[in-house]
Amino acid sequence: MNKWLCCALLVFLDIIEWTTQETFPPKYLHYDPETGRQLLCDKCAPGTYLKQHCTVRRKTLCVPCPDYSYTDSWHTSDECVYCSPVCKELQTVKQECNRTHNRVCECEEGRYLELEFCLKHRSCPPGLGVLQAGTPERNTVCKRCPDGFFSGETSSKAPCRKHTNCSSLGLLLIQKGNATHDNVCSGNREATQNCGIDVTLCEEAFFRFAVPTKIIPNWLSVLVDSLPGTKVNAESVERIKRRHSSQEQTFQLLKLWKHQNRDQEMVKKIIQDIDLCESSVQRHIGHANLTTEQLRILMESLPGKKISPDEIERTRKTCKPSEQLLKLLSLWRIKNGDQDTLKGLMYALKHLKAYHFPKTVTHSLRKTIRFLHSFTMYRLYQKLFLEMIGNQVQSVKISCL
């Protein structure tokens, strides 16, 4: 009898468990002292707690959890659970406490949780690249660079990069790369020295300075007639007028005039006079030896069309470290229809805060922008512009960037 009784009890419990699991809302058994019966009551939903059990006349009474407490599942508890206190050191809030969820903390950017501590992500040394980037839950996974790939930096984010294909760049391979160094290519020394920058930051600032605060009628024609050397033809002027706004036309005209008159003594003299500005820009940002990853982040932060990883890699191979950033900014300006580079940089600086970008670099970029907007440079631009056009356009009020 005892054996049959045990089997019957097990079957009964299985039925009760199946019933409470399959029905919705989930149920629980409650003994009702008023009737002496076992009742199937509704459980309380997440975000609430049990106030009163059900009876034969009414359903279970559940009420919302008070502030700073929660329940995250269907339950029969008569109280809510208090939320965890504030996050620990080096942690940030991933999800705030609410009635259905506890406060969730995670390690801040660049760290992962190991036991109870937020440790820095592993940095892969030269010769090893990142196979799996670190997350708030796990450390960085490094892997040795295979044949044909390299990593020349210590980084917690940079993967192994493919060796440069010198022939695709029109260059010769003079030293084969390995796991820690890229292929070394040979090329045109003069092209490498000036890095193919069509308009430098200082020249761009100077050309944009020449835009009057109020465009006078036929301003572009007056400027064309006033510029020395080979004149920009009427067809080119009309094309500039069709494609660009009135504020952008002066910059486009001066850029074309410089290209057509690069061998003119006047242009050479202006470029020499701008050397003071260029030296200062190099002093501010020329020392910023940015990694490929940092250049990628900076280019991603600029508005508009983006510079591709291949273009960044090609620039790193064909430009000196001190000119790489300037070359990429020049490429960005061209790709975005000659957008104002300084305005693009100011936009990027607002967004770099989220990337923990080196403060020394952002500080240098801000100093460069302030320098190119300074009164000293305003006076230099004014002097150069008057030298360039002589005294033929005296009525034009010139504005600094």
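Each Cβ is built from the backbone N, Cα and C atoms, and glycine gets one as well.
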Cys105 - recorded disulfide partner, Swiss-Prot, among Cys87, Cys97, Cys107, Cys118: Cys87
Recorded disulfide partner - Cys44, candidates Cys41, Cys54, Cys62, source Swiss-Prot: Cys62
Swiss-Prot annotation, disulfide partner of Cys83 among Cys65, Cys97: Cys97
Per Swiss-Prot, cysteine bonded by disulfide to Cys145 (from Cys124, Cys160): Cys160
Candidates Cys65, Cys142, Asn165, Cys166, Cys185 (recorded positions) - the one closest to Cys87 (disulfide bond) by CA: Cys65
Within the predicted model, mean pLDDT of the repeat 'TNFR-Cys 2' (65-105): 93
Asn178 (N-linked glycosylation site), number of other Cβ atoms within 10 Å: 15
Of the disulfide-bonded residues listed as Cys54, Cys118, Cys166, the one whose CA lies nearest the CA of Cys44 (disulfide bond): Cys54
